[in-house]
């Protein structure tokens, strides 16, 4: 894609309006028979065959229940998804149901193109009560304005190498960030490192910064004000970069790692902790040298530099991560759409989806049945202790600004102790961009 | 009716009139399908992009984009304060350096494969590999090789050099140029080779008869033949470098290090991550204009058109 094509794409997006105005509606008529429901969902590249089978299975069940067909359309990347949403929003036609990532829900909400869930709508899908309450945290700006229906959770936890911890005389995983740093130092010797961290990942860095800062009582956004220059944010960045630059408890190569690369490094069995992972990593871990020697644990919930959480600190074990389902406002098949949502959020379907793909249920009863699984216990706990990132249309930009600080700071991490002056000026720049985005938010 | 007049009456103006008639009677309507297609594919999107660059179109106004507030040139003003100038500088310098570096490599490769020898076909095929590989593959492979613990640094450390970071910080700029050169030189090679093939056999014979040794022959006889095609290749290559999005995107990801925040990247991030469609359209339009100006001057100067008429136009 080049500059010209991007321009053209933007223009064509707009052109779609004219084209769609001439186009027909979605399949009309009463009763499910003969109708088709269009569902947009992310492609599963990890388990493509199982994903195909799952789609077929759901189609059959949906047809049996309603007489209508489900047509799945997949998108390969967040960018594809966004383009699809843009064209559909502009043209007022397209998929009836969208599966979108939790952090993307505020952006989707800000387009105003999705059905707000009232009592009637919730009851159509089996009631709001059937969901794990934490998962509803990013469905809308407040209870009266919810658009996102929780579908699956992917709460973040850390994985640790049981053997290495035992050998270092550590009897239980850290619960505060300071304790984690101390343990990482204990674990680092020779070619063995305390932590595996994906510094070059395009998403991981902001999750750390948001988490530590929220635990210290600053969730980064207060109404229409960005609070990135707060000392809590500074401390978060210093801790995060400090592991590599000052404490030297991370493999220097981690400066080039994305999340899957950090996972692969941990799976080799020479690292104490892998921070920020989730149940979808199970297979990779079980196939690596670390097989049978790893466990999940809750990420620390006490901010760096403290031994207990301050009074206004939040016990944020993970960002509220996973997928929400959204029903398009323009859909002519809203009732069918709700039938579909009900089907895939029911206990049985949720457990089946977990078994196939490792995504935790958003359905509370289904989640409860997994609580007895010892390996999974920290993850289900993280699902309950997940906290939503600020619900604002500006979040995408804030996320970008936070990540940008990390991207631009990377080269300095190899040069020894962190230059805090430079870091502060980068944070100030991020603050400016976050605030300008919040000012535009409607 | 005038054409039916007796030939002896107005003999001299006849050819002129004939010409006028044929020009008028050209079946220009046959161009309609092409013209329509051009309008739909190029002109309309361009007009829309211009319009979008003048309105405040973002995620909040997308749904009713027709009603998005008209803000005149505000997007253009904001473009300049959002780092577009820096991106243009990076893009242009990167493109020019890449082109300048690929020309000698391309011409040398073309000369090497000009004369017949055993295995020439194989060499020619091998030379084309970087060019036929998709940009995405090239970038992924280089990204893997240039990891801090990748194969490049492993080799460098064997000879006692600390490779350091290739994909972050100031050096990323040179990484981008290096990979671009690797992937793009066969284009110059192909164009130079085509030009070499068109050099008449007599020219070679004549220089042999005159007793020209290889260097004077190359400099005074062969290279002048290459001038036109290679200049054209330089122009096209530079434009390709400027518009290359895949390479920096896959090599460095988004957000990119400041040193490789090329124009397509900044437009992409503004459009698809910040969701400021109006602003990104203004950036794209500005980029288009800024590239078009030197391009226009250059095209006038080198007169790539071979026909006089085309040149004058």
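Glycine is no exception: its Cβ is also placed from the backbone N, Cα and C atoms.
The shown structure was predicted, so the numbers you read here are calculated from the model rather than taken from an experiment.
Residues or ranges marked as region 'Disordered' by TrEMBL: B:1-20.
The transmembrane segment feature in TrEMBL is assigned to B:28-54 (among others). Cβ atoms under 8 Å from those of the transmembrane segment (B:28-54) belong to residues 70-73, 75-76, 277-278, 281-282, 284-285 of the same chain, restricted to positions at least 6 beyond its ends.
Among the features that TrEMBL reports, transmembrane segment is placed at B:88-113 (among others). Same-chain residues lying 6 or more positions outside the transmembrane segment (B:88-113) and placing a CB less than 8 Å from one of its CB atoms are 120, 123-124, 127, 173, 176-177, 180-181, 184-193, 195-196, 218, 222, 226, 230, 233-234, 237-239, 241-242, 259-264, 287, 290.
The domain 'ABC transmembrane type-1' annotation in TrEMBL covers B:88-298.
As annotated by TrEMBL, transmembrane segment applies to B:125-145 (among others).
Residues or ranges marked as transmembrane segment by TrEMBL: B:173-196 (among others).
Among the features that TrEMBL reports, transmembrane segment is placed at B:230-254 (among others).
What TrEMBL records for B:274-299 (among others) is transmembrane segment.
Only residues 6 or more beyond the boundaries of the transmembrane segment (B:125-145), in the same chain, are considered here, and those with a CB under 8 A from a CB of the stretch are 109, 113, 151-152, 167, 175, 179, 182-187, 189-190, 244, 246-247, 249-251.
Residues 91-92, 94-96, 98-99, 102-103, 106-107, 135-136, 138-140, 142-143, 167-168, 172, 175-176, 179-180, 183-184, 187-188, 191-192, 195, 260, 262-265, 268-269, 273, 291, 295, 298-299, 302, 304 of the same chain, all 6+ positions outside the transmembrane segment (B:230-254), place their C-beta atoms under 8 angstroms from a C-beta of that stretch.
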